[in-house]
Every structure is written in C-alpha cells, then in structure tokens.
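Okay, so here's the structure we're looking at.
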Amino acid sequence: MCSSAICPVCGCCPNKRNSTLTRIIYASILFLGTIVACLMLSPGVEQQLRKVPGFCEDSKGLFFAGQQAYLKCEMFLGYKAVYRFCFGMSMWFLSFSIFTVNIKTSRDPRASIHNGYWFYKFVALVASTVGAFYIPDEPFIYTWFIIGSGGAFFFILIQLVLLVDFAHSWNESWVGKMEKGNSRGWYTALLAVMTLNYGTAFTAVVLCFIFYTKPDVCFINKFFVSFNVMLCTVASVVSVLRKVQEFQPHSGLLQSSFITLYTVFLTWSAMTNEPENQTWWDAQSIVGLIMFVLCILYSSIRSSSTNQVNKLTMASKPSAIHIKESSRSDMSEESLGPRKVDNEQDTVQYSYSFFHFMLFLASLYIMMTLTNWYSPDAEYTITSKWSAVWVKVSSSWLCLALYVWTLVAPIIFTNRDFS
C-alpha cells in the first residue's frame, strides 16, 4: 500500500521529470524494505508474533500442509530473517535489471513496465520476499553470506564514485560562485569544509589507535590504520601536484578530504568486525546506514555532468539530452499531464538496467550492514568472520587506488580524452 501510494503523493509535487520520479519511487521501495528489515531485528517482534492466534504456539512453529514444512518462529526475526527478506528484495531488483537491458527510449514497451504498473510490481516483490522464507536453511545462509559480501564490496566502490562526484560538483559550484563575486567568503567556506573533513578524519584515526590497539598487541590494527593514513596522505599530495592540476584543474583537497574521511570510516568499520570486537549493533552500522541512504538519494535525484559518472551509469551525454528535451517538452506535458513530464522519448537519461543493478547491490549492502557483516550459524547465533574484515580493508585500498588513478590517468594516456 505504501508503494502504490507513492505515485499520488508525488502527484501533489511540482512538475517532475519521468526519469527522476521513477528513480525516487524505486528508492522509496528500497527504503521501505530497509525499514521492514530493521523491524525484524527489533527485540519486541517475537513477543508480538507469539500473540497471533495459531502462530508460534509450540516449539515447531507454523505448519503449512501444502509444503509439508514448518516455519519456525525464529525464521521471521533476527539475522536470518534479514538474510531471507533481503534475498527476495535483491532478486526483485536483479530481475528488473535483466529485464530492462538495452532500453534506449521510453517508447520501448519495456519502459512502460519500468515506469508504471506499480501495484503489480509490488505484488511480485511481496511474493519474492515471502517465498524466500521457504528456502532450506543449510545451503542457503552461507552461500548468500558470500554473495552478499561480494555485492556489498562492489556497492562500496559505487559509493566512492558517487562521493567523488558529489565532492567534485560541490567544488565546481562553489568555485563558480567564487569567480562571480565574494571570492573571499566562498574560499573561506571551501577551506572550512575541507578542514572539517580532515579534522574529523584525524580525530577518528586517534580514536582508532586508542580503542582498537594496544602497545604490545593488535599489530594488524596498527597496520590497517597506519597504512591507510599513509595512502590518504599520498592521495592528498597527488591531487594538488602541478602536473595533475594542468590536466585536472578541478581536482583538489576538497575531494581528497572526502576520500580520506571515507577511507577512515571503512578502516574503522573493518576493525569493528573483528571477532574480538563482536557486537550485535554498533555505531559503524548506523553510520553505514546513513551513508547508504544519502548515496541512494543522491543517485536518484542527481543530474551529473561528470563524464566518468555518466559512463558508470551508462547515461546519455547531457548535451544531447537537453537539445532533444526542448523539442519534446510540449508534447510530453500534453501526454502525461502537468505533473509528470516524459523527458526520455528520444533517449533515456540513465541506464535502467544499471540503476536496478545498483539497487540490487544496495540490497546486499543493507543486508550486510544490518547484520553487521556477521554470518548466522545453524543455532541462530552470529559469528563474525575475518573475511568481512578483509572485504572492507581491501575495498578501502581499491577506493584510494581508483581515486589516484582518476588523477594520474590523463597524464599517462595523453592521447585519450578525459575531459
């Protein structure tokens, strides 16, 4: 009901482009699923389930004659319930990713399914999540833990690209305002944000040394923190080199400060997943959840002019979009009404398939974040895995490597266009 109600609610808003409105609705469905997954971790859910007549009245749970199987009460709550619910939700997004491959314009019949039929798609989502609870436990949980770790790893990289794009857009906007007037005020604002980021990162590094290392032990944690601090320093220095500035005039310490802060967060998050630091829910999970929300919102409403991001999302070139939009605006408004404007009749403004694939990876990231990257065992407890630690640490290294590569690639390959 919440999913179907999104459309009339959005109709009360000012004129919205079809491409933006559709992404907002899909993002809202993902957020709704995240809330449901959080409720499954709530301590009071089990007590409420036991109040339902005929449900969880005995140790076996609820019996389904058609499937000749019991569904234990514990399967509807806790980490295993999150695994199953997120499996159903992620498969829903993955199916749309496959279904919408190679859609070029909104005139494609498949585009109407992507942009409409919300009630039927929501029914399919419910069926997918409910069906996930009938999957046998033994081969499913561990296999899905491995897949979830890999998918979350790639979503972390997507977060990095969006973070760099956000910092680049921020820097470009404020530098443009600086050149128009009041340069001292905007320069001070840029310097303040950069200082805040580096100051927060430095404080976090000090706290990591205090709480996650000891003088004679914890050598692996000392290595993680020290090595990543060194890499962040190198990346920051590279971003302001004269040669880099010649090829990348918009690069600078503002972007590097965001990358440094993100790398420190990944390092801290990795150390909290070590077996000796095992907790059910901690601050890094909350921070990770907030970053996920901001990342999805930004990817849904942004209109990036950065070629690297457009290539990542397989979006059309902005110039072509804007030129063709102007010739179609009147026709679009007449066909879809004053509230919803179809701006994709000539070319789509983002890859439908990749957008759904990103939400598929986001579902896996949510699953791993809510379960704190732990793998439930057969006794419905949790076990922290060193594999989760190395996934996050390696992703931090790869993030820094990708960022440095975007800075030095134009210098190395001078015959290629990186503008």
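All residue numbers here begin at 1 and follow the chain in the order shown.
Cβ from N, Cα, C; glycine included.
Any TrEMBL annotation is an automated prediction that lacks curation.
As recorded in TrEMBL:
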type	residues	note
TRANSMEM	24-45	transmembrane segment
TRANSMEM	81-103	transmembrane segment
TRANSMEM	115-135	transmembrane segment
TRANSMEM	141-164	transmembrane segment
TRANSMEM	185-213	transmembrane segment
TRANSMEM	219-241	transmembrane segment
TRANSMEM	253-271	transmembrane segment
TRANSMEM	283-301	transmembrane segment
TRANSMEM	354-374	transmembrane segment
TRANSMEM	394-413	transmembrane segment
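The transmembrane segment (253-271) and the transmembrane segment (141-164) are in contact, since at least 3 Cβ pairs between them lie under 8 Å (pairs 6 or more apart in sequence). Remark: the transmembrane segment (219-241) contacts the transmembrane segment (185-213), by the rule of 3 or more CB pairs under 8 A.
Most Cβ pairs under 8 Å to the transmembrane segment (81-103), among the stretches 115-135, 141-164, 283-301, 354-374, 394-413, belong to 354-374.
Simply put, out of 115-135, 141-164, 185-213, 141-164 has the most Cβ pairs sitting under 8 Å from the transmembrane segment (394-413). Sequence-distant neighbours of the transmembrane segment (185-213) (same chain, 6+ residues past either end, Cβ-Cβ under 8 Å): 170-171, 174-175, 177-178, 221-222, 225, 229, 232, 253-254, 257-258, 260-261, 264-265, 267-268, 271, 277.
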